[in-house]
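S.K.: These came from TrEMBL, pasted as-is:
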type	residues	note
REGION	37-56	region 'Disordered'
REGION	62-85	region 'Disordered'
COILED	113-140	coiled coil
TRANSMEM	152-177	transmembrane segment
DOMAIN	154-722	domain 'Major facilitator superfamily (MFS) profile'
TRANSMEM	189-208	transmembrane segment
TRANSMEM	220-237	transmembrane segment
TRANSMEM	243-267	transmembrane segment
TRANSMEM	279-301	transmembrane segment
TRANSMEM	321-340	transmembrane segment
TRANSMEM	436-454	transmembrane segment
TRANSMEM	580-603	transmembrane segment
TRANSMEM	610-629	transmembrane segment
TRANSMEM	635-659	transmembrane segment
TRANSMEM	671-692	transmembrane segment
TRANSMEM	698-718	transmembrane segment
Amino acid sequence: MEETYKDRTSLVKGAKDIAKEVKRQAVKKVNKAVDKAQDGYTQRSYSRFQDEEDDDDYYVQGGNYGVEVNDDEGSSEATEGHDEDDEIYEGEYQGIPNMGQGKDGMVALGQPVRDEYKDRHELETERKADEEELAQQYELIIQECGHGRFQWALFFVLGMALMADGVEVFVVGFVLPSAETDMCIPNSGSGWLGSIVYLGMMVGAFFWGGLADKVGRRQSLLICMSVNGFFAFLSSFVQGYGFFLFCRLFSGFGIGGAVPTVFSYFSEVLAREKRGEHLSWLCMFWMIGGIYASAMAWAIIPHYGWSFSMGSAYQFHSWRVFVIVCALPCVSSVVALTFMPESPRFLLEVGKHDEAWMILKQIHDTNMRARGQPEKVFTVNRIKTPKQIDELIEIESDTGTWYRRCFVRIRTELYGIWLTFMRCFNYPVKDNTIKLTAVWFTLSFGYYGLSVWFPDVIKHLQSDEYASRVKHFRNEEVSHFVFNFTLENQIHSNGEYINDRFIMMKFKSVTFEDSLFKNCVFEDITSLNTYFRNCTFMNTTFYNTDLEQYKFVDSELINCTFFHVRTGCQISFDDDYSAYWIYFVNFLGTLAVLPGNIVSALLMDRIGRLTMLGGSMVLSGISCFFLWFGTSESMMIGMLCLYNGLTISAWNSLDVITVELYPTDRRATGFGFLNALCKAAAVLGNLIFGSLVGITKAIPILLASTVLVCGGLVGLRLPDTRTQVLM
């Protein structure tokens with residue numbers, strides 16, 4: 001019995017010794033795996049750790065991944081050694097370890113404090129550490145996925161959305177002259193159309209950018225582009241000016257989210273060495289949108305034969321066809337976006353590991369098949385996900401009504417967007433936000449201010465030249481004469497017209513002053529910028545004319561009769577002598593951006609973002625001085641093309657820098673805020689520069705030059721992001 005007891009005692013003791021040794025070896029292996037993983041991140045190798053003492057070492061901590069790969073034979077030890085019933089093939093995703101198992105394992109290794117017992121500062125510190133680790137890891141994953149068919153497909157889809165933004169900026173300027181005439185917009189109200197679109201874009205940029213950091217880049221972009229497409233399409237059919245303003249306001253609100261969301265989305269599927277160049281190529285679609293809008297305006301708006309009417313209440317002119325055509329890029333982007341996945345970087349940021357892994361595998365497999373390497377395996381099976389800090393929201397799901405729950409949800413989302421925006425002013429991104437604010441504001445103020453000033457200056461030069469060719473007729477005495485031809489750019493003073501007939505005529509920029517019309521007939525008359533000032537009409541008949549009361553300034557009508565007066569505003573493109581020229585000037589100005597786009601894309605990663613930004617803004621400011629010598633239309637157009645070509649490099653580099661300076665959880669919000677600031681600066685620039693048109697050249701030139709040069713110098717103080725991974 002004693003021998004049996006001793007044997008049992010020795011067995012128990014041996015088992016305890018074996019258990020202690022196994023536990024010690026397990027801790028040793030986990031610590032070695034952690035050290036090896038950290039070394040792997042430093043050496044930019046996340047799955048090919050060198051073989052050391054043990055062949056079966058593996059990394060099992062919940063948020064990380066690591067699979068040893070034999071490059072020659074393409075096998076993975078993490079997937080070997082399974083029996084046939086539970087076989088896991090190479091590269092197959094094995095899921096996230098059960099959270100309970102992870103907690104048990106952690107307790108066995110030292111029992112760390114649970115999340116519910118930590119304060120918010122500790123949780124945020126842990127999340128920040130996780131985000132830094134994820135940033136390095138994600139860069140290596142994107143490099144393994146490669147750059148190929150998937151990125152190019154997304155490039156064109158997002159390019160259509162960016163093209164729609166470019167179209168929206170130009171479409172109002174092209175539509176404004178025709179819409180003013182068609183809707184009888186008074187001069188006091190015409191300025192609202194251009195300003196209200198920028199107002200909608202300003203609010204939309206901030207809202208949709210913040211929403212993209214809450215619900216995802218793809219989801220936010222789909223909604224905002226759908227809003228833009230719907231209201232842009234609707235605006236082409238509405239008749240009233242107020243409703244038209246309403247539609248363009250919401251159209252601008254929708255398209256405001258395109259720029260911040262598009263650049264945030266595309267940057268998160270690009271490797272570091274590709275990011276600067278390909279984001280610059282993406283900027284070309286904005287230029288393509290401007291060219292598209294200019295070409296369509298040139299081809300469609302002048303053809304008033306395309307219009308139709310439904311009685312006298314509904315008129316559908318060619319400018320409305322132009323508005324519909326300009327909505328096509330937006331509709332195309334919405335359709336194409338439905339086939340694209342969400343940004344995997346965003347999904348990892350919000351803890352959706354499985355969805356992000358599937359999308360990264362899709363990117364990898366798509367690119368490898370396009371390269372003719374379908375057998376190449378996606379070796380990633382664990383990706384770091386930052387610690388999620390839950391926010392408790394009281395929605396009153398049991399007692400509250402549905403609209404109460406919706407109100408609380410909307411209020412919560414808006415408050416979340418505001419909190420994310422305020423975090424853009426926290427360390428360490430606070431200084432970058434302030435500097436970017438200065439650069440975005442100065443560049444937008446100078447660019448949009450001069451962009452409005454250029455066409456208006458050309459218009460004033462045309463008007464001055466047109467006025468210099470005016471013909472003066474004084475003390476005319478015409479009787480029993482039939483006028484049946486066009487009168488243009490003439491001033492008639494102190495004339496007498498007795499028993500004359502004005503039949504099937506066009507008056508273009510004609511003024512009658514201090515004249516007498518007695519026993520005359522006006523029949524089938526169309527007029528533009530034609531006025532009768534201090535004239536007297538006696539026994540005169542007006543039949544089928546558009547000579548309304550406001551065209552008779554301080555005039556006296558004695559025993560006159562009006563039949564079939566054409567009320568409202570009559571459109572005739574031929575009457576607008578500068579419309580063709582405006583379309584052509586905008587087309588040339590937009591086309592001049594092409595060389596600057598190409599140069600910036602090729603040199604973005606070679607000379608750096610900061611050099612490109614500062615140099616472009618300083619050169620643009622210097623080029624403004626040459627405007628002082630612009631005395632003709634051709635010279636001003638040349639200056640416009642030079643200025644646009646120099647400025648585009650600054651815009652491209654600023655877009656790239658903004659994307660790279662903000663972390664993923666604030667990237668779209670920060671970009672949206674800066675883009676909203678851009679639109680506010682554009683409105684301010686329009687007001688200031690527009691008020692100075694025709695008064696003096698000195699103030700706009702000096703103001704634009706100073707602002708651009710100062711903004712360029714501030715831009716040089718930003719940190720260089722060329723060698724950094726996305727935070």
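Cβ coordinates come from backbone N, Cα and C, glycine included.
Quantities reported herein were computed from a predicted structural model and do not represent experimental measurements.
Can you tell me where each of these features sits in the structure?
M.R.: Residues of the same chain lying 6 or more positions beyond the ends of the transmembrane segment (152-177) and with a Cβ under 8 Å from any Cβ of it are 190, 193-194, 197, 201, 221, 225, 228, 232, 248, 251-252, 255, 258-259, 261-262, 265-266, 269, 278, 281-290, 292-294, 297, 301, 319, 322-323, 326, 329-330, 332-333, 336-337, 340, 455, 576, 579, 582-583, 586, 590.
Here the transmembrane segment (321-340) has long-range neighbours at 153-154, 156-158, 160-161, 163-164, 167-168, 171, 174-175, 218, 221-222, 225-226, 228-229, 232-233, 235-236, 255, 289, 292-293, 296-297, 300-301, 306, meaning same-chain residues at least 6 beyond its ends whose C-beta is under 8 angstroms from one of its own.
Using a Cβ-Cβ cut-off under 8 Å and counting only residues 6 or more beyond its ends in the same chain, the transmembrane segment (580-603) has close neighbours at 170, 173-174, 277, 280-281, 283-284, 287, 290-291, 294-295, 297-298, 301-302, 451, 454-455, 458-459, 462, 612, 616, 637, 640-642, 644-649, 652-653.
When Cβ-Cβ distances below 8 Å are used as the criterion, the transmembrane segment (635-659) is approached by residues 259, 263-264, 267, 275-276, 279-280, 283, 287, 436, 439-440, 443, 447, 450, 454, 457-458, 461, 585, 588-593, 595-597, 599-601, 604, 609-610, 612-613, 615-617, 619-620, 623-624, 626-627, 629, 667, 670-671, 674, 712, 715, 718, 721, 726 of the same chain, each at least six residues removed from its ends.
Residues 432, 435-436, 438-439, 441-443, 445-446, 449-450, 453, 610, 613-618, 620-622, 624-625, 627-628, 650, 654, 657, 661, 688-689, 692 of the same chain, all 6+ positions outside the transmembrane segment (698-718), place their C-beta atoms under 8 angstroms from a C-beta of that stretch.
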S.K.: Does the transmembrane segment (220-237) come close to the transmembrane segment (671-692), meaning at least 3 CB pairs under 8 Å for residues 6 or more apart?
M.R.: no
S.K.: Residues of the same chain, at least six outside the transmembrane segment (436-454), with any C-beta under 8 angstroms of its C-beta?
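M.R.: Distant Cβ neighbours of the transmembrane segment (436-454) are 585, 589, 613, 617, 620-621, 624, 636, 639-640, 643, 647, 650-651, 654, 657-658, 661, 670, 674-675, 677-679, 681-682, 684-686, 688-690, 692-693, 700, 703-704, 707-708, 710-712, 714-715, 718.
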